[in-house]
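S.K.: First, the structure itself, so that you have it in front of you.
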Amino acid sequence: LSLITNLTSVTTGGTSMMETPDSLKLSLKVGDNSPPPSTMSIDKLLPALLECFGIILCGYIAGRTNIITPTQAKGLGNFVSKFALPALLFKNMVLLDFGDVIWPFLWSILVAKVCVFFIVCVLTLIVASPDSRFSKAGLFSIFATQSNDFALGYPIVEALYQSTYPEYLQYIYLVAPVSLMLLNPIGFAFCEFQKWKNQGSHQQSKLRIVGFVLLQVLKNPIVFMVVFGISAHFVLHGTIPAFMAEFVDGLANSFGGAALFYLGLSMVGQLRKLTRSTVVTLILLITAKLLLMPLLCKDMVDLLDNNNTSSMNHSSLSDYAFLYGVFPTAPSVAIYAIYYNTELEVVTSGMVISTFLSAPIMYVSAWLLTIHWMDPQLLMRSLQTVSFDISIVSLVALLWTIPVMFLSKKFKRLPHMLTVNLFLAQLSSCIGMILWNFVVKEDNFISQIFTFALLSTSLYSAFIWPGLIALSIVLMKKYDDLNGSPGQCESGCESTDCLLAQMEELQPPPDRQVARHVLLCLLLTVFLLANFSSCLWLICNHTPGRLHLELQFFSAIAIYGQGFISFALFGLDKHFILLPLKRLYHRCFGKKKEEQPQTDLPDDIKMTCTQFTKYHKQQCFHDIVKKRRCGMKTMADCFLGCELVDWLQQVGLAQDRGEALLYGTRLQQGGVLLHIKQEYSFEDSQLHYYFTI
């Protein structure tokens, strides 16, 4: 409501309700015609964000399409964490100029992290169940305080401050190791204590647990190399010897792109682990990481850095602290979750969501923090322009997504029936915002009232539908639990529904896309909280300031950008768009490959087919091939694609499902196996395949 009220104040300046608040004028200091020079280079931020998230997207595509398998990705991760990053830390620790360091800034960031760590830890210990209380407290506290400083944070800071405050870059190398050495060991101790407690026999002593935790900290490449680099700084007098400078530079320079690419690889398949029970926990953790952390960092710098002689430098440090707090969670937290087998779904999903939420927050924050003196009317017009532009993008996305829902006939079943209504509400809000941009310029009171009513009704409707979607998912889950799951007929029955061709044509039981709906509800809940916080802030604080203005811009982007999220989750329907395109591709280009003689196949495919046929085919046939009815009186020896993937992992021919998928694809390319209708390539799914003679 505060967002709509502010938008109306842009062009209707007759009544007191529509006038610009005096508090906003005070906070923006209108009337000073000599604005100070900006402490950030905001023009370079957008290219830096596009570069970082573009490389992340490339890594995600490479992992999603199985160009790089999870096993191969681990090799890249080992290179980044054990070679490139230590070299980068060593180089910067040796060259670090301690004379330029403002130590109160470091203490401020450390105090802010300790506060967030303590708040998350205490709340988790109070709420969590006793059987996993300590491990959750340790892991969630690390999640909320360990930022992705080097891969994602450093390029952003470099883009913003390289030309104004280049010394700010070195704080990245000082803050991260301090956090790893002080806070992470406490989290590890909680996890180890939970492990010791669950054993029952208490085979390990508490002293041994403490020693193990300290050993893990010292073995961390980041901690070790920071200590070694600082020691080398004093021994080498702040310079790297010429004979090793090029070697260190080569490894250090390889970190940036490789780390971002690996971050994209590590995101593949993580959102599938999102479940209904993790939603509330995820909302609270993301709120602590992306909202509480930056606010505390900024407040602590304002409080502890009082002796700074330059007011401009103090202000820029305060802004820098806020941006640092917005950096998303580091991927290494997921490794900790795997090691301790604790809350992997929450950590991995939270890492993905926080990474992509941090991009618009960082951009809007940096842009608004550069504004010290500006006309409030100009800011409100900027807010309306942003809302108008985002509405156009969402409108185009929804005009694609809604027809897909109808043409794929998903609108006939739950929860998609409710989701379509949500999309229509989002479409109406976009239309209302676009109309408002033109109506407010005309002196037509009736049109303004009608447009305002359409806009308000659509916006609040868009926040009601996610609650109904979540309720429907819960009720359907309970119904399935009571009645059992859409089971398949036995192979011996006479039903024509068991014909393999019809089974694949009709597909397995309709996919309710529960994970996507849960993610949609989660994101819209975060947007609702942002809008509610904006209203509450305006009611409780008569001097909102720039942070409230930032919240206003974020609310505008979140509210009118819902259509883009809807398109990303539901616009590219697998069965209606992706699979038909894939079949068309195979019909156009697949025949040439099938006609290719066996001798023209690549050596790796021929070797795989020969090895499988000679040593494994007979056992595989015995283990997974079953007679399935493919006609009224005919049976076929076939198997499911997912069954072969499982078998390849069981016998050790593949280390993960990605490698098994590649193995099966090679077998199909070599003619060892085929799809029953020869329409699909090999997939890790319920499609039927058979071995050729």
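Using the three backbone atoms N, Cα and C, a Cβ is placed for every residue, glycine included.
TrEMBL lists these features:
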type: DOMAIN; residues: 625-693; note: domain 'DEP'
type: TRANSMEM; residues: 45-63; note: transmembrane segment
type: TRANSMEM; residues: 169-191; note: transmembrane segment
type: TRANSMEM; residues: 212-236; note: transmembrane segment
type: TRANSMEM; residues: 242-265; note: transmembrane segment
type: TRANSMEM; residues: 277-296; note: transmembrane segment
type: TRANSMEM; residues: 320-339; note: transmembrane segment
type: TRANSMEM; residues: 351-374; note: transmembrane segment
type: TRANSMEM; residues: 386-406; note: transmembrane segment
type: TRANSMEM; residues: 418-439; note: transmembrane segment
type: TRANSMEM; residues: 445-475; note: transmembrane segment
type: TRANSMEM; residues: 518-539; note: transmembrane segment
type: TRANSMEM; residues: 551-572; note: transmembrane segment
S.K.: Restricting to CB pairs under 8 Å, which listed stretch, 212-236, 386-406, 518-539, 551-572, is in contact most with the transmembrane segment (418-439)?
M.R.: 386-406
S.K.: Using a Cβ cut-off under 8 Å, which residues of the same chain at least 6 positions beyond either end of the transmembrane segment (386-406) come close to it?
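M.R.: Sequence-remote neighbours of the transmembrane segment (386-406) are 3, 7, 416, 419-420, 423-424, 426-427, 429-431, 433-434, 437, 553, 556-557, 559-564, 566-567, 570-571, 573, 576-577.
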S.K.: Suppose you look only at the domain 'DEP' (625-693); what would the mean pLDDT be?
M.R.: 81
S.K.: Tally the residues of the domain 'DEP' (625-693) by DSSP class, grouping H, G and I as helix, E and B as strand, and everything else as coil.
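M.R.: So the domain 'DEP' (625-693) is made up of 23 helix, 17 strand, 29 coil.
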S.K.: Quick one: do the transmembrane segment (320-339) and the transmembrane segment (445-475) have at least 3 Cβ pairs under 8 Å, skipping pairs fewer than 6 apart in sequence?
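M.R.: Between the transmembrane segment (320-339) and the transmembrane segment (445-475), contact is absent.
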